[in-house]
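J.: The structure under discussion is supplied below as structure tokens; questions concerning it will follow.
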Amino acid sequence: MMSKLGVLLITCLLLFPLTAVPLDGDQPADQPAERLQDDISSENHPFFDPVKRCCRLLCLSCNPCCG
């Protein structure tokens, strides 16, 4: 009886391996790098000066401010 259960278990594992089970690893919360790419940073702001690495005008939505 136990050998039949063992054969059934091995057969099931061969037909349906655990790697075939879909994991939730593709959820956005598990991929912080992609979330950071979607973030709008000050460097993309139209008033950002890349030479001085600060914002020239209207520093309300852009940091750091050149002053």
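Yeah, the Cβs are placed from backbone N, Cα and C, and that goes for glycine too.
Swiss-Prot feature annotations, pasted as is:
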type     : residues    : note
DISULFID : Cys54-Cys66 : disulfide bond
DISULFID : Cys55-Cys62 : disulfide bond
DISULFID : Cys59-Cys65 : disulfide bond
MOD_RES  : Pro64       : 4-hydroxyproline
MOD_RES  : Cys66       : cysteine amide
SIGNAL   : 1-20        : signal peptide
J.: Reported as an integer number of Å, what is the Cα distance between the residue listed as '4-hydroxyproline' and Cys54 (disulfide bond)?
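T.: Cα-Cα, rounded: 5 Å.
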J.: Do you know offhand how many angstrom separate Cys62 (disulfide bond) and Cys54 (disulfide bond) by C-alpha?
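T.: Answer for this pair: 8 Å between alpha carbons.
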J.: Measuring Cα to Cα, how far is Cys65 (disulfide bond) from Cys54 (disulfide bond) in Å?
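T.: Spelling it out, the Cα of Cys65 (disulfide bond) and the Cα of Cys54 (disulfide bond) are 5 Å apart.
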